[in-house]
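Lifted from TrEMBL, the feature list:
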type     : residues               : note
SIGNAL   : 1-19                   : signal peptide
BINDING  : 64, 175, 177, 335, 344 : Mg(2+) binding site
BINDING  : 64, 340, 381, 382, 455 : Zn(2+) binding site
ACT_SITE : 114                    : active site, phosphoserine intermediate
């Protein structure tokens, strides 16, 4: 019993809530809850008047790996970062009037990967695991199954309709999600020709970086990481010239960045690789923008150098200001891509801070657009085997301990846990005691040891607002999403 009491105190200490009441005094009064519910009902009644306008602009926010447990814990974290208990916080995406569920399976996988899912929510067809921009008739790794099985994306549809188009991501711009917008590849990992087998190159397949420059040559805005896949092998990186791991990877000797610059230099085109260059641009004087801020993926927001690397919100701000100049409107794909990476590493803190930052970007987009002519959709490609529980008290730090010890091994445990992953640790034949560890770079405990935590297979939420948002309702296949967006526009 003493241990139990000690752990409750420890958990409260972590949350910074020691001495505070467990919940606001006003919540004891039934009137508080009735009033809040009536306010929500009044708001819901306005949704009966459906927005059937034509969508001039379309924005898709894709939280990679942002399953429902990630949304909930990000909500709590956002509130706690603002000094609140967190549970009652409202995310920007929570404000969207329509919410549905998407089934995420790939044609050949019950639990999907980000390539097959990206093909679904961008190209409108379900596809095989590990492939981008090709139908399920294409077989992963088999170059000769590419031709004739290519499928185009809503980014391409929007461009053909005269709209401006953009891609903003926190991963490398040749990663699974963004690449499905412009590439057709039977392997998501063919970032440059350096990552491709000789037989695929000989058979005429193109690497993804090359396809970014060649397939849709007039994408108006592209921002993210991935410089090294665009420049010749062994060429030092502009930001990290002494670190050979960041050198260029291209075997064909092409400098795709320079090719892009040469193509748009007389068309108000700009290439930037750091925050200062990006924020010094006047969007009114920019028609084309390529921003590559890291050799590979961008750094976690929690670890980001705020002087040199832009946040997702800052990138979205510039992107929309450039794209919205087109009188025909725009399509913008925004990926909070490193939510997924944090979970794979078992580092929930990194993952959740990424999700909170994406929510900030959603808020910024809201300020720059109008719900009357802009359809905004927020969703995930898949979930993760990530959970939180343990009967934690109201206001408990989302990264804190449950207020009890296990009745099996008599050790404390954190509220956040993974079904599998790198956080599985046995010390002296028993589970690690987590009460004394540093939570900053902590790998949450997992039930099964595995080097990289896996995706989850459950449905993901789809939040929608703006013209025709009501069509995103019920439980739908994931490939339904771009069809609604195209219809709305």
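Backbone N, Cα and C atoms are what each Cβ position is placed from, and that goes for glycine too.
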Other same-chain residues whose Cβ falls within 8 Å of the Cβ centroid of 64, 340, 381, 382, 455, the recorded Zn(2+) site, in sequence order: 65, 66, 112, 113, 114, 117, 339, 380, 383, 384
For residue 114 (active site, phosphoserine intermediate), the one of 335, 340, 382, 455 that lies nearest, given that the binding-site residues are compared by Cα: 382
Cβ neighbour count within 10 Å of residue 344 (Mg(2+) binding site): 21
By Cα-Cα distance, the member of binding-site residues 64, 175, 177 nearest residue 340 (Zn(2+) binding site): 64
Shortest C-alpha distance to residue 344 (Mg(2+) binding site) - which of the binding-site residues 381, 382, 455: 455
Between residue 177 (Mg(2+) binding site) and residue 381 (Zn(2+) binding site), the C-alpha gap once rounded to whole angstrom: 9
When distances run from the Cα of residue 455 (Zn(2+) binding site) to each of the binding-site residues 64, 175, 335, the nearest one: 64
Other CB atoms, at most 10 A from the CB of residue 455 (Zn(2+) binding site): 23
Residues near residue 382 (Zn(2+) binding site) in space but at least six apart in sequence (CB under 8 A): 65, 67, 104, 111, 112, 113, 114, 117, 455, 456, 457, 460
Surrounding CB atoms that lie within 10 Å of the CB of residue 381 (Zn(2+) binding site), all protein chains: 31
Listed in sequence order, residues with CB under 8 A of residue 64 (Mg(2+) binding site) and six or more positions away: 114, 171, 177, 335, 336, 337, 338, 339, 340, 380, 381
